[in-house]
Amino acid sequence: MPELPEVETTKTSLLPLLNQRVKSVQVRDSRLRWPIPEDISRLAGQRLTSLKRRSKYILAEFETDQMLWHLGMSGSFRVATAADELRKHDHLILTFDDGTELRYHDPRRFGCILWLNEESQSKLLNPLGPEPLSEDFNADYLYQKLKSKQVGIKIALMDNHVVVGVGNIYATESLFNLGIHPAQPASSLSKPQILALVQEIKRILKFAIELGGSTLRDYTNAMGENGYFQQTLLAYGRAGEMCVNCETPLENLKLGQRASVFCPQCQPLKRK
């Protein structure tokens, strides 16, 4: 699933489309997590004026309307031309006045293309926690959020009500780098540990964005370019390999239905 760096990279790669006018809208398959709106054709004639990211959502603002885009498990946008071959799971095509096409591709259909309105704002955006790269995500905030949570720290970090966009990859790497067991009860972390964790999450995410995110299977940005953060992974996806710090075999633990790779030597589980 694309995480915050991949969504941020996708948004950035779409910026050249700003101020271009939509000429036509083609829905090839409306079946996504929620159906593509039947009236999406009203985008025709409108310029794309703004692109922002909130959590793993892209907020696309046109002259009259706003849309909420989410990549789901396997979604991606691709900037193309009419000469480029269509793919089976290209669900939506926005064609701009200069002939450029913006195609939304989603084999597993867990993504969404919705109007940003009062209903979607209330349901999808309002419950979200702070952005991890914002000043609102700091040690004092995280300490208050975690002090009563008995779940493992990794589960807490992946809770969008606590902080948005810290998915499996970047939570795994942050905890590994700090020697914190992913199942360590969140409330047991000390204030110095929480400060270090906030700083490490910010560092990891910034670095991942600089490298274009992680291409583990088929992720590319809208220009078809791969990310390279996966080349720096020390724990995620490396279960059974040797720890780079102590040469102990890395182990895999299932937490919240997600695989969590850790080093039993460098990341011991500590009880109060």
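Each Cβ is built from the backbone N, Cα and C atoms, and glycine gets one as well.
Quick look at what Swiss-Prot lists:
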ACT_SITE  Pro2  active site, schiff-base intermediate with DNA
ACT_SITE  Glu3  active site, proton donor
ACT_SITE  Lys56  active site, proton donor
ACT_SITE  Arg258  active site, proton donor
BINDING   His89, Arg108, Lys149  DNA binding site
ZN_FING   234-268  zinc finger
Go through the chain and flag residues at least 6 beyond the ends of the zinc finger (234-268) whose CB is under 8 A from any CB in it; none is fine as an answer. 152, 154-155, 158, 168-169, 172-173, 175-177, 179-183, 216
When the pLDDT values for the zinc finger (234-268) are averaged, what is the result? 96
Of the active-site residues Pro2, Glu3, Lys56, which one has its Cα closest to the Cα of His89 (DNA binding site)? Pro2
Count up the helix, strand and coil residues in the zinc finger (234-268) according to DSSP, in that order. 0 helix, 12 strand, 23 coil
Return the residues near Arg108 (DNA binding site), defined as same-chain residues 6+ apart in sequence whose C-beta is under 8 angstroms from its C-beta, sorted by sequence, else 'none'. Gly72, Met73, Ser74, Gly75
May I ask for the distance between Glu3 (active site, proton donor) and Lys56 (active site, proton donor), taken between their Cα atoms and rounded to an integer number of Å? 7
Largest separation between Cα atoms (Å) of residues that the record links to DNA, namely His89, Arg108, Lys149: 41
Candidate recorded positions Pro2, Lys149, Arg258, pick with smallest Cα gap to Lys56 (active site, proton donor): Pro2
When you measure from the Cβ of Pro2 (active site, schiff-base intermediate with DNA), how many other Cβ atoms are you left with inside 10 Å? 23
Intrachain C-beta neighbours of Arg258 (active site, proton donor), sequence separation six or more, cut-off 8 angstroms: Met158, Asn168
So what sits near Lys149 (DNA binding site) in its own chain, CB-to-CB under 8 Å and at least six residues off in sequence? Ala156, Pro185, Ala186, Ser187
Which listed residue (Lys56, His89) has most other Cβ within 10 Å, given these are recorded positions: Lys56
